[in-house]
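**Student:** What follows is a structure written as structure tokens; I'll ask about it next.
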Amino acid sequence: MAVPARTCGASWPGPVRTARPWPGRGPRPCPDPRGPASGPARPLLLLLPPLLLLPLLTAPGASAYSFPQQHTMQHWARRLEQEIDGVMRIFGGVQQLREIYKDNRNLFDVQENEPQKLVEKVAGDIESLLDRKVQALKRLADAAENFQKAHRWQDNIKEEDIMYYDAKADAELDDPESEDMERGSKTSALRLDFIEEPNFKNKVNYSYTAVQIPTDIYKGSTVILNELNWTEALENVFIENRRQDPTLLWQVFGSATGVTRYYPATPWRAPKKIDLYDVRRRPWYIQGASSPKDMVIIVDVSGSVSGLTLKLMKTSVCEMLDTLSDDDYVNVASFNEKAQPVSCFTHLVQANVRNKKVFKEAVQGMVAKGTTGYKAGFEYAFDQLQNSNITRANCNKMIMMFTDGGEDRVQDVFEKYNWPNRTVRVFTFSVGQHNYDVTPLQWMACTNKGYYFEIPSIGAIRINTQEYLDVLGRPMVLAGKDAKQVQWTNVYEDALGLGLVVTGTLPVFNLTQDGPGDKKNQLILGVMGIDVALNDIKRLTPNYTLGANGYVFAIDLNGYVLLHPNLKPQITNFREPVTLDFLDAELEDENKEEIRRSMIDGDKGHKQIRTLVKSLDERYIDEVIRNYTWVPIRSTNYSLGLVLPPYSTYYLQANLSDQILQVKLPISKLKDFEFLLPSSFESEGHVFIAPREYCKDLNASDNNTEFLKNFIELMEKVTPDSKQCNNFLLHNLILDTGITQQLVERVWRDQDLNTYSLLAVFAATDGGITRVFPNKAAEDWTENPEPFNASFYRRSLDNRGYIFKPPHQDSLLRPLELENDTVGVLVSTAVELSLGRRTLRPAVVGVKLDLEAWAEKFKVLASNRTHQDQPQKQCGPSSHCEMDCEVNNEDLLCVLIDDGGFLVLSNQNHQWDQVGRFFSEVDANLMLALYNNSFYTRKESYDYQAACAPQPPGNLGAAPRGVFVPTIADFLNLAWWTSAAAWSLFQQLLYGLIYHSWFQADPAEAEGSPETRESSCVMKQTQYYFGSVNASYNAIIDCGNCSRLFHAQRLTNTNLLFVVAEKPLCSQCEVGRLLQKETHCPADGPEQCELVQRPRYRTGPHICFDYNATEDTSDCGRGASFPPSLGVLVSLQLLLLLGLPPRPQPQIHSFTPSRRL
């Protein structure tokens, strides 16, 4: 019988689908099915009503068999559902475990998590912790100002007059080519003994402070020696602070001269290469030294700016960008006759890490041409700063102009935009070696409350691109006590190895009189800082009473997370803060945007939302219900949130009887403790215990067997009410040990696992116990021993029914090894316990299926046999039969796919070793059909904390921060020779002996060779999850003469999709694969140019000091130059070039003449 042709748009009862005529029968008006996988239309499939899938539609080459009818496949699905449910009822022991809990009701209490009370208590505890650090900060800042005020400046001070511990001395003394070894150290350097201190993750000495001085600052200068002299008195204040608060970590004074004095003393963690650390460029120092900034950088790219000068400008702009933090806003433009932005950003944008990277890359593309037009550059900059339609800092406003010089003062522009109020500061930078008159540049800066700087060579860049902060600090200093505001930073990596920290900062002012009369000094002395480790804040949050899927988080005014379980940067750069937005830490939706805004505004709130969450292994998406509760943390810029699933409203707390507690016996004598001993494993199953901090003296270990051994040894000495142990954790562990042992006794021990092809049965609990039976199955158990960190545990709690988890397979790895019957599929389900009106889920139970045996069972259940022992039905030429998954596995593909799109079971023997792979890697054509028919939907997100393999080497070495490799054109350029000669004279004469090692080429950065280390990057993630289709569907994959019929149906009470399809007969059905594997994003995630058009809500610090009527702007920079003798310089340059060894360009560092305070 011929099947009537159907035109596009034909429909049948149920969801309407775009259809095509049966292949080869009638017109083909539909679009090409091999088009894009996504888009507004999905014309790939023809869905047919069940009545049309008649036995007459036979598969080619199998005339006696037809594609199974829908009711047949639904029957197979029911058989699969019944088999799974039966095995789980017998072996899972859900009902029996409920009864065990109720039988032991006297051993535990049910406690309630009250979100509002919890979050307010934690916020109060964090506030108290930070307040203690604030008090210590204030004592330090006050003391520092008094010490400096009382200090008498010494012009004739010598190095040997100063005793201090040089934090880099030990490393330098080990290096025979170090600065001190080469010139002979004149300092009276202290040599200290150190003790290991776990709290600091370092060796420390509590009796002294340590001093770190940047490599490019001369230790013996008068300014530095005087700084060391007066700051020595801080040592006693540091020590007293620690006496009052033993929990204090690093206490640091960062001086405006570049000196860092910190307590307790510890050797500097200098890399083997050059140490580029300068406290003045650290995020916490910059935040404490000035108020937020709106900055426009304009760069002269006229024709006179070429060669070395243009390269100096590019490097200077990049260094300037590094002085900005997330509270600042910036744009960069180039100008000649006209001005234009260097990047895609057309207005001020937040100076976050990703935006600054866009600027830095764009700056490298600047080309010199045309004539200088200061007017165009300044008008563009003022227009940018006057744009009120965008988010910005709304505090300090400034223009930074880099040029090689010019005659125009553009007074008319300043009169129009900036005078008489002069709300915008203008900083001018004369770049390169030239003979231009710099008076106009000085005038621009001096008449607009700015400063004039000269950058004649590479060595002057770092110091001269950061000293503008001293000018911005003037209003803060003049404001006096009003400006004494403690600020808390973003999260960043501690330079001394403490890990992730936040720092409280307080500016330190110069209280001395400046000059004759009562003129007040305007200079900032530096910034005082105290670190707080994130781990110390985390300890104040409830960990295990919130359940596996409950957590506490905190954000700042930028929306960046301070605390969050997903804040786990794999690579950290100590120069930049760790900035993970709350909406990037979770899967973004409108509800979370509202929560984030409310928290930034400092409001309280509570909201229950339905949202998507990513599984711990980042392979699955679940739709869940979460309760969010949040409050501000007083006296800080942080806000605290609590997230609880409804089933975590209650939790169990073990209640060991008073009689046992009064005995004062070791815990090892308690009832049920014997079931933790390895001697019981053979009969009771293997026990894994979560590696939690049960007691202070418990030695941690990544090996669970070793950890269990350490735990048992300690329990031989500890009593149940010991003060050194966490009784909640300890008692719940003992309780769950006994509970799970009774499950073995009542259910598992009497069952024959082999009968049902099971490799193991298991139970995991909130108390931290994972019991696997039989004991031998533990050898192949690969799940995390901490249930709260096990994906199967967390997903089972969030989903009802049976959750299948196939073994994880990466497409790049070799297929599964099926030998020795050790490969299994986990099936787990949560145990829901109702006690009165209180419902909770304290445990998860499950089985581990033998993959190969269940693959055979799967074929039988999806066949025309009623049971396994029945012979296969034979279908002769004269009779008509439906195909099934057992007899016709050469023509019919039958698979079970989980809700993430991963293969669980197949009737194809050659696919057994592909179990656990994303199904698109197994059958791309069929997976695309399932996606296009809404059986699956997908969620794309970005991982901003990923680590990527090193990129192929390009321009490596320490050179990016300042080494210019001259071209042939530069050698022929007289200006380059003059510049290079002048710098070489300065560099060689002053530092040739001191820093000899710098002139030895080393193709590595200061932190180590980029060829051998991973770098931080952004990865795009795609997860698939079940779509809106719950019914049983039949469809056809239309691809010319090779169309395929398929049927798909969700299995009730599981996370499985049952799919039956014709096997593809030719390559015409080949289509592009859907990708699930994480992929690298070269552009650092979503297009930044588009994102800045939709900026996320934020607010800056609530304080701003950008103006003071008493500010003295007369100190605005004065240029100085000397007329070079060209003959002498060229001769000297030739001599120096000939004297250098034939090696790559040296790493050049600068001498920085410091100013007297």
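Glycine too: its Cβ is placed from the backbone N, Cα and C atoms.
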**Student:** In Swiss-Prot, which of these is labelled N-linked glycosylation site: N510, N703?
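**Tutor:** Of N510, N703, Swiss-Prot lists N510 as: N-linked glycosylation site.
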**Student:** If I look at Swiss-Prot, which residue among N627, N1030, N1041, N1108 would I find recorded as N-linked glycosylation site?
**Tutor:** N627
**Student:** Can you dig out which of the ranges 70-74, 185-189, 300-304, 865-869 Swiss-Prot describes as motif 'MIDAS-like motif'?
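**Tutor:** Spelled out, Swiss-Prot records motif 'MIDAS-like motif' over residues 300-304, not the other listed ranges.
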**Student:** Mind checking which residues reach the motif 'MIDAS-like motif' (300-304)? Cβ under 8 Å, same chain, six or more beyond either end.
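**Tutor:** 310, 313, 334-336, 366-373, 377, 401-404, 406.
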**Student:** In this structure, which of the recorded positions S302, N389 has the fewest other Cβ atoms within 10 Å of its Cβ?
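**Tutor:** Least crowded of the recorded positions S302, N389, by Cβ count within 10 Å, is N389.
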**Student:** Out of the binding-site residues D300, S302, S304, give me the one sitting nearest to N510 (N-linked glycosylation site) by CA distance.
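**Tutor:** Its closest listed neighbour, by Cα, is D300.
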**Student:** What three-state class does DSSP give S302 (divalent metal cation binding site)?
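**Tutor:** Assignment for S302 (divalent metal cation binding site) reads coil.
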**Student:** What's the most sparsely packed of the recorded positions S304, N421, N543, N627, N864, counting other C-beta atoms within 10 A?
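**Tutor:** Checked S304, N421, N543, N627, N864; of these recorded positions, fewest Cβ neighbours within 10 Å: N421.
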**Student:** In sequence order, what residues of the same chain, 6+ apart, have a Cβ less than 8 Å from the Cβ of N205 (N-linked glycosylation site)?
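**Tutor:** Within the chain, N205 (N-linked glycosylation site) has Cβ neighbours under 8 Å at Y165, L192, D193, F194, I195, P264, A265, T266.
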**Student:** Rounded to a whole angstrom, what is the C-alpha distance between S304 (divalent metal cation binding site) and N627 (N-linked glycosylation site)?
**Tutor:** 63
**Student:** For the recorded divalent metal cation site, whose residues are D300, S302, S304, find every other residue on that chain with a C-beta no more than 8 angstroms from the centre of their C-beta atoms, and list them by sequence position.
**Tutor:** V301, G303, V305, N336, A368, G370, T371, T372, T403, D404, G406
**Student:** Please identify, among the recorded positions S302, N421, N864, the one with the smallest Cα-Cα distance to N627 (N-linked glycosylation site).
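**Tutor:** The answer is N864.
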**Student:** Tell me the Cβ neighbour count for D300 (divalent metal cation binding site), meaning other Cβ atoms within 10 Å of its Cβ, over all protein chains shown.
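**Tutor:** Looking across every protein chain shown, the total is 26.
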**Student:** To the nearest Å, how far is the Cα of N389 (N-linked glycosylation site) from the Cα of N421 (N-linked glycosylation site)?
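**Tutor:** If we compare the Cα positions of N389 (N-linked glycosylation site) and N421 (N-linked glycosylation site), the gap is 22 Å.
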